[in-house]
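The structure appears below as structure tokens.
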């Protein structure tokens, strides 16, 4: 199936399929090694606003909007909200459309949580996919993953703070103190409701477009490899792949997937006007 054929496939919610050669036992990509791929992507000197990347302290009109976004996000993303939204949206009964129809909706959606970019999400998807394609031309599954990784506008149906942003595990002690769940004594223990090395697959993350797109691809029986679903679900989990937080929750599968996640997130975060 070509990329054009893949994006034209209608499905429940939002989805796409792309064949890949995968080891069914561990989800590894057959015939691929990150050590064999030269990383040609170069980080630009500055973001779309002329500032350093991920500078949340630089005073600007954009900074004020980002701060307000995260204030609402941290106040409202509780375990109850995350579990209810996951249950609600996992029914995949919101709409049925092709990937390109979703792209057209994303042409009117800007990620309010991003301090570096002020562009419609469709541009972010296309630029990320093109940057990935240039550096990893033989990994067609990764090109498609980049193209659809935030392609879930239906998750933004009501509250903007649920539509985007960085993600973190709900009810882990590191979750921000302003959140109402922080007063729950069970959630305030070292690992919250989780067990050490339980695996991120078993962790409830903050609700947003990443979780929704992951559910859509999974429930539509996508032929994308497991690592692609992992990237879709955790590409905004910056505290993990940037700062090494929450590693006590990781299992062996997470450790195997982490290298691809880091590569994808690097390109997705720092691309600007790749065309």
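Quick reminder: no glycine exception, Cβ is built from N, Cα and C everywhere.
Note: TrEMBL annotation is automatic and uncurated.
Per TrEMBL, the features are:
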BINDING   124, 149, 209, 235  Fe cation binding site
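Overlay of TrEMBL annotations on the structure.
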{"residue": "124", "record": "Fe cation binding site", "DSSP class": "helix"}
{"residue": "149", "record": "Fe cation binding site", "DSSP class": "coil"}
{"residue": "209", "record": "Fe cation binding site", "DSSP class": "helix"}
{"residue": "235", "record": "Fe cation binding site", "DSSP class": "coil"}
Non-site residues, in chain order, whose CB comes within 8 A of the mean position of the CB atoms of 124, 149, 209, 235 at Fe cation: 121, 125, 128, 150, 151, 210, 213, 232, 236, 268
Tertiary neighbours of residue 235 (Fe cation binding site) (same chain, Cβ under 8 Å, six or more apart): 149, 210, 261, 264, 265, 268
Least surrounded among the binding-site residues, given as 124, 149, 209, when other CB atoms within 10 Å are counted: 124
